[in-house]
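Everything on this sheet refers to the single structure shown next.
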Amino acid sequence: MKVLGIETSCDDCCVAVVENGIHILSNIKLSQKEHEKYYGVVPEIASRLHTEAIMSVCIKALKKANTKISEIDLIAVTSRPGLIGSLIVGLNFAKGLAISLKKPIICIDHILGHLYAPLMHSKIEYPFISLLLSGGHTLIAKQKNFDDVEILGRTLDDSCGEAFDKVAKHYDIGFPGGPNIEQISKNGDENTFKFPVTTFRKKENWYDFSYSGLKTACIHQLEKFKNKDNPTTKNNIAASFQKAAFENLITPLKRAIKDTQIKKLVIAGGVASNLYLREKIDKLKIQTYYPPLDLCTDNGAMIAGLGFNMYLKYGESPIEIEANSRIENYKNQYKRKNNEKNFSNA
């Protein structure tokens, strides 16, 4: 079965063709450079650019896969969570294709797509612990299957990637913040500043994260940095921030591994491409799986791959389904019961 995967939850316009849930025939992504001067994604610009680009990106994906649109068996599309305007563009495009081609459509949760991505590269047996790190999400989950996910902990404020972007903006390091901070940190001293690392002691927040304190502490160094008599460089600030940002992850992650007794770890999301983070994780001495770089960031392949499996198990989504920018109380919503409705159709 050939699945066309469409992902437009933020600022990347992504379309892919995947066969039988794992064989990637094409994986095309168009990143929107227009946001760089704003040091962040502008929702109105993102949705407009998706509208302009999605048809050409789809054509490129089909051409790369050597596949005619009539040969597509299923259309998978991200319907939640994300920027509502961007989601609507992708969802309406997918609906139009489904109706005109008389093909089934399956709507996919962006978070579950990221958690599925590593499975397209490595054969990983369930159960395992997943750590999702992206610009919009930071969470730890216990996975027993592609659709059996229990979120153990999540950020209570900023995501890890969002904190990188905001610090980079204040220090004029560039957007996106993650790769730019990683790059200049290589020439910095990570011990110049001791930024705060948040650890929760309450049972209900045992596996949770917080990045607002770290972000604020780093930004408060800005005035000292501007002082001409201060020898501190951007490299040192970036390196010190990066060190604290990833130390912030380690304690909750260790707790999850210890408490669940699960000895396999899967890292997903755009921040997973950070090599400094991978060095930190490798020190945990646990079997760890990373997706290739093109599956770390937003992509259509993960949506198509998960869509194949969701469709086989649950069937198609109703054509009336609407995009949803948020998932209220999502930590609890991902706890499934037997025969419960598909996440994507919730």
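Count begins at 1; order follows the chain as displayed.
Placed from the backbone N, Cα and C atoms, the Cβ positions cover glycine too.
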- Query: For the substrate site that Swiss-Prot assigns to Leu132, Leu133, Ser134, Gly135, Gly136, Gly178, Asn274, which of Asp158, Asp165, Asp259, Asp294 is also named?
  - Reply: Asp165
- Rounded Cα-Cα span from Asp298 (Fe cation binding site) to Asn274 (substrate binding site), Å: 15
- Take the C-alpha atoms of Gly135 (substrate binding site) and His114 (Fe cation binding site) and report the distance between them in angstrom, rounded. 12
- Given the binding-site residues Gly135, Gly136, and counting only Cβ atoms in the protein chains shown, which has the most within 10 Å of its Cβ? Gly135
- Message: Restricting to the chain of Leu133 (substrate binding site) and a gap of 6 or more, list residues whose Cβ falls under 8 Å of its Cβ, or answer none.
- Response: Ser159, Cys160, Gly161, Leu249, Ile267, Ala268, Gly269, Gly270, Val271, Ala272, Leu277
- binding-site residues compared (Asp165, Asp298) - highest count of Cβ atoms within 10 Å: Asp298
- Message: Rank aside, I only need the closest one: which of the binding-site residues His110, His114, Asp298 has its C-alpha nearest to that of Gly178 (substrate binding site)?
- Response: Asp298
